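Asks: Structure provided below as structure tokens; questions to follow.
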Amino acid sequence: MSRGKKTVERVVELMKDPKHIRNIGIVAHIDHGKTTLSDNLLAGAGIISEELAGKQLFMDSDAEEQARGITIDASNVSMVHEVEGQDYLINMIDTPGHVDFGGDVTRAMRAVDGAVVLVDAVEGTMPQTETVLRQALKEQVRPVLFINKVDRLVNELKVDETEMQIRLGKVIDKVNKLIKGMNEDLYNNGWKLDASKGTVAFGSALYNWAVSVPYMKKGGVSFKDVFEKCRAGDMKYLAKNSPLYEVVLDMVVHHLPNPLEAQPRRVNVIWHGDHSTKEGKAMLACDPNGPATMMVTDISFDPHAGEVATGRLFSGTLRRGDGLYVMGSAKKENRLQQVGIFMGPKRVEVEEIVAGNIAAVTGLKDAIVGSTVTSLMEMSPFESLKHYSEPVMTVAVEAKNMKDLPKLVEVLRQVAKEDPTLGIAINEETGEHLISGMGELHLEIVTGRIKRDKGVEIVTSEPIVVYRETVTGKVEDVEGKSPNRHNRFYFTLEPLPEEIVNLIKAGEITMNQQAIERRDVLLKAGMDKDEAKNVKHIKGTNMLIDMTKGIQYLNETMELIIEGINEALAGGPLADEPVQNLKMTLTDVKLHEDAIHRGPAQVIPAVRGAIKGGMLIAGDSLLEPVQKIQISVPMDQMGAATSQIQGRRGQVFDMQSEGDTITVVGKAPVAELFGFAGDIRSATEGRAMWNTEFAGFELVPNNLVKDVVVAIRKRKGLKEQMPTPSDYLSV
């Protein structure tokens, strides 16, 4: 029997015993060695050959990934590892480290219970290390640490043995400081990383060796051996006597939780339904006999089987032919056609999958990434996935040949299903479609895939920055009249306080939670009691509060009011850009008693006009995306690095020096960062290392607003003069 087939059979046996399962993700900053680590772990488990590991990039199965040498999608694989005579099933996801693909990390964190955080011994923790760690802790995913590229400390930085240990200690301290800063409760409850307890390992993924304190005691390889063998270049000795896969996977088995231990804690955070229901009890207990509940974390397309939905099964059992429901879509049954697991790029079919595993199934036509799938007709959905970055750039795409237009629309819908961090706007009338992504690289790869994988020739525009609109002041009792003059709506508009905006972004305030729970969170954040209990709608970071009293017919009209509000928020009055951070209070309503005179054609335009006109009176302004920039350069290039930030309307707010290298930290608007890569290279003679990460939206300076607005309006084919309140409010 082939080794691969044997592995699949062993995996299928172990899947039924959650005690011996570990669902883990590998997370790190770009180029710190995640995929090399994953490949060598797979080689150790016998899934790929050892000669090819590290070069094969098994987890980077996409041609684009191998060509660029980076991971773009999160890849899944199941493997078996033996510890003290007992086999364990390890379901592993390798995630991207590039900031443009952070959405994949967020989704992977929902599927796993533990994470191996990888840090380069020379570079130390970097911005993406911080971001991925924050995502892991937010999802209650427990971390262990692997410090990679230890050989570089010895051979490139020429440190001695003591200095090597000091530097490794500093990396551990820095990661602990991050954990403590993000979640002190978890840090104090045993999540602090401690090399002496075995939650930290050191090594070289490329050369296939690792050490940890427990393994040193067992295997006899000491720090002294590590130092001497690295200096002598004898990596084979280390790989033979202290193999990477054994040290890292032993650490995973001993220190990361199994689904039975993890789910009670995680379900509390990611599902806000009633824990006393049958699905609530089943998920907390990881019960294979309860109702099936699964959260879809990935959608991919298989040329033969169609759409493959991958996700974490929290309770129940999945079998071929089962009927499941996707929450939030029409109540029609989706029948499972195939049930399987992933072994890297290959999907292997199995008879059944039980709770606590990561499943790959076909037949869920209605599912998208983030869907809650269940055998029940009705259940509270899982909390939606919170991405730490937002789309900041857009390209317009058109089909090169008109005959490809229907195919392009279909492909864009597929792409939107596969990658929820993309914003896709399809305009079937003009044939121009917009794709918004996390950055230039993200958009380049998505458009490249449309051409290569989907076979559609497209023409793309230059990237355009995504703006937002918001109000800077307050306006009271703006009146919106319906076209027939029989219905009136009165709103007060003002900025939504920053603390509440942050709670919405963090998923602490949603329309899914119980009203009392939401009210309590809002009260704690300083909102007035009457307002806190009358929240009617949250869209993005905008909130509608109904402060009217005893108005006849309002209940049946509320849905139309919300529809009008959503239309106004989709494109603000200044530049038709999405609105954010707006607090709308409905203060009074006058409705016609005859339902025929207060239908959609009357209510929606009245509300939409009131919000848009009111925003202009309250001082509508533009927000632009800003990125945090970190540039590491030799001391003599410091001036070049700072001027690259300051010359782009940026600010430098920190400088840290280590040895002869200085790291300049600042921020600058995305609009000014086009071509940054080429400019920083030439300014520093190619000696700069840099990275950027999303740092939120900030107000566009007053002196630039008009020019930016006019340019956007011109591009969108709107009238070029600045709009006035009377354009929206009927007098």
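Glycine is no exception: its Cβ is also placed from the backbone N, Cα and C atoms.
Taken from Swiss-Prot, the feature GTP binding site applies to 28-35, 94-98, 148-151. For 19-260, the entry in Swiss-Prot reads domain 'tr-type G'. According to Swiss-Prot, the feature diphthamide maps to H597, an assignment based on sequence analysis.
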Asks: Sorry to bug you, but what's the C-alpha spacing from A28 (GTP binding site) to the residue listed as 'diphthamide', rounded to the closest Å?
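Replies: On Cα coordinates alone, these residues lie 59 Å apart.
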Asks: Do you know which of the binding-site residues A28, V150 has the most other C-beta atoms within 10 angstroms of its C-beta?
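Replies: Sorting the candidates by Cβ neighbours within 10 Å, the top entry is A28.
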Asks: Using DSSP, would you call A28 (GTP binding site) helix, strand or coil?
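Replies: Reduced to three states, the DSSP call for A28 (GTP binding site) is strand.
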Asks: In this predicted model, what is the average pLDDT of the domain 'tr-type G' (19-260)?
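Replies: Reported value for the domain 'tr-type G' (19-260) is a mean pLDDT of 80.
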Asks: Under DSSP, is the residue listed as 'diphthamide' part of a helix or a strand, or is it coil?
Replies: helix
